């Protein structure tokens, strides 16, 4: 399984693993073990190996390089033949590549840093239900980032008071408000009541401002059937967008919801709840850029992507690297930004990155510079924490955004 002379094919799925072998285990042996366990291998030779062509189907560790400044840590590059994976299934992709190998005895730690998804495979996925340009056309909003707000307190409000907070924020000038990721259907606020009061707030704020407004109605539920029932009700109410927690809900549920949203004209906002369990450790788990690529294939029009300047962790260059992987068609390899492979998405629509977490109006100049126009800037406490209330907080955000955009556009002539 360690084949340094292997020439990768355009159709191979390529993976970059950061691996820390156990003391005494050679890097080549560890790399071969990763390639074997994540493809056709097992712990011993079996007689049924002779009934198939392992050369055709096995993963190959084709390169290993030491990590600068780290003792006994290596980047192992593995190539997988396309036929190992079911078309259009992120679930199967991850089950194969990361499903079992992370508990391997020969390794102290293992982290999947990046994947190269070839067009031959990415074209089998639904991708974002609509994409950036279609969303702008639906909302009739151009030339600036979109503004959002997560309603706080995240838990405990009644449906009517929740709807009131939504109305005040949208009336003040925001484009979107949002259910928190853990707002589903709890005893203090059942989902149907919340949807009804939020719909009333949407229509009232639209009538008063003349702008199209949205609220991310969280359709995440305990079963796929219940999730789709909530999405259907949101569409019947005339809501433009629903939301899903894609890691806790699962990729199968997420792709099912993405198909429904595309077929029924709903935008799909994605929250990454639970991501830090997977991506926080620097030497074990999976980098968020891999989860971001998986989401773009599984389906979503927005996804939370860190802020660089807020309360949550995020390095500027690395964050901008996976923001480009979400938005752009073609992204060149750039190790300084953590991009291990050139990625060609061909015609797959882009995903709007959402900056959210501990940001407020004083961050607006930095946010508009870092994320550009094709983004959603989402302020929770940065809106609702305004000393004069929710609506003035929304006004402050909108004024700050428009001032920054005007300063950028007109520069010294302002």
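Each residue, glycine too, has its Cβ placed from N, Cα and C.
Note that this is a predicted model, so its numbers are computed, not measured.
For 100, 150, 154, 272, 304, 356, the entry in Swiss-Prot reads substrate binding site, with the evidence type similarity to another entry. The DSSP secondary structure for residue 154 (substrate binding site) is coil. The number of other Cβ atoms within 10 Å of the Cβ belonging to residue 154 (substrate binding site), over all protein chains shown, comes to 13.
Residues or ranges marked as active site, proton acceptor by Swiss-Prot: 152 (among others). Counting every protein chain shown, the Cβ of residue 152 (active site, proton acceptor) has 16 other Cβ atoms within 10 Å.
Taking the Cβ of residue 178 (Mg(2+) binding site) as centre and 10 Å as the limit, one finds 28 other Cβ atoms among all the protein chains shown. The secondary structure of residue 178 (Mg(2+) binding site), as reduced to three states from DSSP, is extended strand. Taken from Swiss-Prot, the feature Mg(2+) binding site covers 178, 180, 181, and the record attributes it to sequence analysis.
Here Swiss-Prot flags 178 as N6-carboxylysine, drawing on sequence analysis.
The Cβ neighbour count for residue 271 (active site, proton acceptor), using a 10 Å radius over every protein chain in view, is 28. Annotation note: residue 271 (active site, proton acceptor) sits in a strand segment as assigned by DSSP. Here Swiss-Prot flags 271 (among others) as active site, proton acceptor, drawing on similarity to another entry.
The site 'Transition state stabilizer' annotation in Swiss-Prot covers 311.
Spatial neighbours are here defined as Cα atoms within 10 angstroms of one another, and by that definition the neighbours of residue 150 (substrate binding site) among the recorded positions 178, 180, 271 are 178, 180. In the three-state DSSP scheme, residue 100 (substrate binding site) falls into the coil class.
The Cβ centroid of 178, 180, 181 marks the Mg(2+) site; residues of that chain outside this set whose Cβ lies within 8 Å of it are 150, 151, 154, 179, 182, 183, 216, 218, 243, 271, given in sequence order.
Counting every protein chain shown, the Cβ of residue 272 (substrate binding site) has 24 other Cβ atoms within 10 Å. Residue 181 (Mg(2+) binding site): 21 other CB atoms within 10 A of its CB, across all protein chains.
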